[in-house]
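Residues or ranges marked as domain 'Isopropylmalate dehydrogenase-like' in TrEMBL: 5-360. Annotation comment: TrEMBL describes 77-90, 288-300 as NAD(+) binding site. As annotated by TrEMBL, substrate binding site applies to 97, 107, 135, 225. Summarising the annotation, TrEMBL assigns site 'Important for catalysis' to 142, 192. Here TrEMBL flags 225, 249, 253 as Mg(2+) binding site.
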Ligand code: NAD
Ligand code: IPM
Ligand code: MN
């Protein structure tokens, strides 16, 4: 087969630590499932700033545009907090998303059985949970103009602008409806149409796309604040949630805790299909660089490993391989292995990042030979 071209950008903090475990998983698939990968690794975020004075070089941007998929660890850290906004590590990630036009960010929140006890919510509320948040990723208040800090009279004013075009809303709505058809066939769209004009337009356009192209899918609308409440009250009422860039950022971190830890939540950022029919794509955990635990070998690599599973599914049409990897993660959790963020209890054993990665690879082999 033609090798799958991957660009790996480990980034900062725990990014490189969790990515090492993903490399083990990739190697396993190469050796045991006949997959061929051509892997390039480079710098992003603070790691790139330290060497090049910028969080993303043009050369890395070009590479990202030409590969089949990008895998990213995490960016950022306190060391870089003092930097000018234009060269902060986070700008590197935002540039990748914007220039690759990765408008649909899929953030699944799935509760693995073995972790249902550990969620901060009651078992009943989270057991069997499987929802998908689709966050619009290339527009809205993250990118709207005007923006900046200006002086008006004798005080400073911070400005950001929420802005959505009809086309931007329609395309992410289509992503949500398409995905819903392959799942529970239900979409809930969240905005604040009660206070924001961009929310009014969001609601109208999602409804129009539904009525003209996806009338078979069940659609509801919710104000995002009420949605946040419903997400922790009874999350199983949702199948696919579609929302804007900022609300999606907040709601997906909240959803992460339904699954037990931010260290569990993967994501796929998808754009339009390339010439080969595959979508432009970047896969990354939802969590950040976790400066409080970086360098201690105790970060949970599962979010990053599951992001690779999403790559197998959404970029390479390798659904069986993705299922296998997800099942192996479940096996390891069922055996009681826990990184510290997943707590401890009867029948569990606390392990570090590397041991968790090794156990996932072992579980893959066990399933393969079963
Ligand atoms: P964070 O996600 O890095 O950490 C929040 C909390 O969750 C911390 O207590 C951390 O220890 C814990 N945590 C996160 N991932 C974990 C994992 N895999 N295993 C175990 N525990 C984990 O968020 P933050 O502290 O708000 O941000 C830190 C830095 O990361 C900031 O610079 C921020 O901008 C950046 N950030 C980057 C991304 C990204 O690269 N996609 C996402 C979020 C935040
Ligand atoms: C995320 C992060 C990013 C965001 C930052 C690091 C730019 O919080 O991926 O959720 O706000 O989108
Ligand atoms: Mn976030």
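Cβ coordinates come from backbone N, Cα and C, glycine included.
No curator has checked TrEMBL annotations; they are predicted automatically.
Quantities reported herein were computed from a predicted structural model and do not represent experimental measurements.
Here the features listed in TrEMBL are placed on the structure.
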{"residue": "77", "record": "NAD(+) binding site", "contacts (Cβ under 8 Å, 6+ apart)": "12, 13, 46, 89, 289, 291, 294"}
{"residue": "81", "record": "NAD(+) binding site", "contacts (Cβ under 8 Å, 6+ apart)": "none"}
{"residue": "97", "record": "substrate binding site", "contacts (Cβ under 8 Å, 6+ apart)": "137, 138, 269, 282"}
{"residue": "107", "record": "substrate binding site", "contacts (Cβ under 8 Å, 6+ apart)": "132, 133, 134, 135, 248, 252, 255, 265, 266, 267, 286"}
{"residue": "192", "record": "site 'Important for catalysis'", "contacts (Cβ under 8 Å, 6+ apart)": "199, 223, 224, 225, 247"}
{"residue": "249", "record": "Mg(2+) binding site", "contacts (Cβ under 8 Å, 6+ apart)": "135"}
{"residue": "253", "record": "Mg(2+) binding site", "contacts (Cβ under 8 Å, 6+ apart)": "262, 286"}
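Take the mean position of the Cβ atoms of 225, 249, 253, the recorded Mg(2+) site; other residues of that chain with a Cβ within 8 Å of it are 224, 228, 246, 247, 248, 250, 251, 252, 254. Around the Cβ of residue 290 (NAD(+) binding site), the number of neighbouring Cβ atoms within 10 Å comes to 24. The binding-site residues recorded for this entry are 85, 290, 298, and the Cα of 85 lies nearest to that of residue 142 (site 'Important for catalysis'). For the binding-site residues 135, 298, the ranking by surrounding Cβ atoms (within 10 Å, all protein chains) places 135 first. Comparing local CB density within 10 A for the recorded positions 85, 142, the maximum falls on 142. Restricting the average to the domain 'Isopropylmalate dehydrogenase-like' (5-360) gives a pLDDT of 96. For ligand 2, no neighbouring binding-site residues occur among 85, 89, 107, 135, by Cβ distance under 6 Å. Here the binding-site residues are 89, 225, 294, and the one ringed by the most other CB atoms within 10 angstroms is 89.
In this structure, the recorded positions that sit close to ligand 1, with a C-beta under 6 angstroms from any of its atoms, are 290, chosen from 97, 192, 225, 290, 294. Proximity of the binding-site residues (85, 89, 249, 290, 294) to ligand 3: a Cβ under 6 Å from the molecule is found for 249. Reduced to three states, the DSSP call for residue 225 (substrate binding site) is helix.
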